[in-house]
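Copied over from Swiss-Prot, here are the features:
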type	residues	note
REPEAT	12-91	repeat 'Solcar 1'
TRANSMEM	18-31	transmembrane segment
TRANSMEM	61-81	transmembrane segment
TRANSMEM	99-119	transmembrane segment
REPEAT	102-188	repeat 'Solcar 2'
TRANSMEM	160-180	transmembrane segment
TRANSMEM	192-212	transmembrane segment
REPEAT	199-286	repeat 'Solcar 3'
TRANSMEM	251-272	transmembrane segment
Amino acid sequence: MATSENDKRSKPSSLRSIIAGSTAGAVEIAITYPAEFAKTRSQLNRRLPDAKKLPWPPFGSQWYAGCTTLIIGNSLKAGIRFVAFDWLKSLLQDENGQISGPKTVIAGFGAGFTESLLAVTPFESIKTQLIDDRKSQNPRMRGFLHGSRVIFQERGVRGFFQGFVPTTARQAANSATRFSSYTMLKQMAQGYVAPGEKLGTASTFALGGIAGLITVYVTQPLDTVKTSRMQSLEASKNYKNSFVCAARIFKDEGIFTFWSGAVPRLARLIMSGGIVFTMYEKTMDALDGLDPERRYI
């Protein structure tokens, strides 16, 4: 009976995972979006000669172009990511509730694939095309809903899912790296606290930030190919597929170009890693306070 109760408390319900994950995702992107804008703009502008590069706008509303899209998308994808990871982790853990490093990586890959299919690819495609559209003298897209309609009219459903393979590869690697890094670091940190005691907010934030740093340098090449090949407005004319894109980048611009945009992405993912894991853990604690027996949530 005690074991059953412990299992129940160690395995959050799907609803609880969705609530905690979605809350964490919304707060994360609302705080870190300007760094995401800078990363995407630097990648999209690198194809232009110096004389045609647009100057960086003053910090303000233009830095939040596409923000509404990404807040909605990030909240959705974080909820999907955490519920998928928690579910897969519960399937892969042993009878004592423990999970090995390789199995954590597998759960992370599965979570990344799921969120890419259901949220990341369509929402990031819209976001990137909104930002790219603002490079023109006469932008045509007036926000999320209007931009979605323009994309559908001009490119059909493929306009939302073009780039699924590189995006999914990037997202699966992203989730696998982030979850496995955070889980490993958390297990190490818990060895320094009393049994049953939870890590503090500062410790959780620091561990999430370190996991974010590791994630950037592992997945940045996939992120660069995804943005260059699949989701700019001119991508279909410039590249046939992601492999051609990667080869062209390597040949024309050199290997270090794969890490273009790493610095602003580094700033965002260190912050977002700390924010998202801290918010997830704290939301779980708050839900425990509201429903300690986990009867309703």
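Just so it is clear, glycine is given a Cβ too, placed from its N, Cα and C backbone atoms.
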(request) Could you pull out which residues elsewhere in the chain have a CB under 8 Å from any CB of the transmembrane segment (251-272), counting only those six or more residues past its ends? (result) 28-29, 31-32, 35-36, 38-40, 42-43, 46, 209, 212-213, 215-217, 220-221, 223-225, 227
(message) From the DSSP assignment alone, can you count helix, strand and coil residues within the repeat 'Solcar 3' (199-286)?
(response) 76 helix, 0 strand, 12 coil
(request) Would you report the average pLDDT that the model assigns to the repeat 'Solcar 3' (199-286)? (result) 83
